[in-house]
Amino acid sequence: MAKPAKRVAVTGAAGQIAYSLLFRIANGDLLGKDQPVILQLLDLPQAQAAVKGVVMELDDCAFPLLAGVVITDDPKVAFKDADVALLVGARPRSKGMERKDLLSANAEIFTVQGAALNEVASRDVKVLVVGNPANTNAYIAMKSAPDLPKKNFTAMLRLDHNRALSQLAAKSGKPVASIEKLAVWGNHSPTMYPDFRFATAEGESLLKLINDDVWNRDTFIPTVGKRGAAIIEARGLSSAASAANAAIDHVRDWVLGTNGKWVTMGIPSDGSYGIPEDIIYGVPVVCENGEYKRVEGLEIDAFSREKMDGTLAELLEERDGVAHLLKN
């Protein structure tokens, strides 16, 4: 017997990331090849015609799992009974725009979306914020949805995680799928800290295999941190397909589990690892039965502490920059 359809809301539905995302969701890559989905697509009034064009293409794929599509510019319609919400749309930084103005512009969007989720989404909704600044946007949405569990709100660090995996595979000569126990700490920004001290490849310690502190400090960490900028420089456009792929990975693992493997998610802090409560901070997690659980008790050396505190400082600055815009 067919499963009842799950409702997946996607914001910024006319955008580049969504264009790489929607067809894969409809194909079963997000929730499984036996799970029908209803897509609930949100974008601005002026983007509705473009969204309709994307839906025409979705129709033309005749996906067996696509049970319906809703197109709207109203968050309360888009998030109605949503089981998953992918918050992809955000205000991009325009030329000459100060960071604080970017934070304020996004705070307006994510307070409205958080409040709408609070009002109409499933109480078990899984929220992933992709739109930047992702961690702080997720924090704003979470704070605007007091009736939903905080744990429902996450930010995407999976792109950083996947970028780090790829760099480590290239450096070590090991297959990317063989690398386990990688962590990426902190903010989805150039300050984040990819940490392979615990990582293994085919059971061997990657740290011993690579054995190059200078490469770690001067090449690996900056390459992962600045990868997005490098792609814009090369392509003239920001990374969309790889971001969509990471969003799929993040939610699929959250829903279907990681079989004991570590992945990175931006989640509300419980105070562990010296991160103040509620800050949405990238940590290694293991997912099982639709829940994530942070990997606990990892040793933090002096270099790691410095890196983790550096990315935390940026997140605290962002939090303080939007505090006056939040009610609670």
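Heads up, the Cβ atoms here are built off N, Cα and C, so glycines get one too.
Quick caveat, the model's predicted, so the values are computed rather than measured.
As given in Swiss-Prot:
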type	residues	note
BINDING	GLY12, ALA13, ALA14, GLY15, GLN16, ILE17, ALA18, ASN106, GLN113, VAL130, GLY131, ASN132	NAD(+) binding site
BINDING	ARG93, ARG99, ASN132, ARG163	substrate binding site
ACT_SITE	HIS188	active site, proton acceptor
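Structure with Swiss-Prot features highlighted.
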residue: GLY12; record: NAD(+) binding site; DSSP (3 states): coil
residue: ALA18; record: NAD(+) binding site; DSSP (3 states): helix
residue: ARG93; record: substrate binding site; DSSP (3 states): coil
residue: ARG99; record: substrate binding site; DSSP (3 states): helix
residue: GLN113; record: NAD(+) binding site; DSSP (3 states): helix
residue: GLY131; record: NAD(+) binding site; DSSP (3 states): coil
residue: ARG163; record: substrate binding site; DSSP (3 states): helix
residue: HIS188; record: active site, proton acceptor; DSSP (3 states): coil
Practice task
Please name which of the recorded positions listed here, ASN132, ARG163, HIS188, is nearest in space to GLY12 (NAD(+) binding site), Cα against Cα.
Solution key: ASN132
Handout entry: Spatial neighbours, same chain, of GLY131 (NAD(+) binding site) - Cβ under 8 Å, 6+ residues apart
Key = THR11, GLY12, LEU87, VAL88, GLY89, ALA90, ASN106, ILE109, ASN137
Problem - Minimum Cα separation from HIS188 (active site, proton acceptor), reported as the residue among binding-site residues ALA18, ARG93, ARG163 that achieves it - result: ARG163
Problem - Count of other CB atoms lying within 10 Å of the CB belonging to ARG99 (substrate binding site) - result: 12
Handout entry: Residues that sit under 8 angstroms from GLN113 (NAD(+) binding site) by C-beta distance, when 6+ apart in the chain
Key = THR11, PRO75, PHE79, LEU87, ALA141, SER144
Exercise for the section: Inside 10 Å of the Cβ of HIS188 (active site, proton acceptor), count up the other Cβ atoms and send me the figure. Expected result: 28
Handout entry: ALA14 (NAD(+) binding site) versus ARG99 (substrate binding site) - Cα distance in angstrom
Key = 25
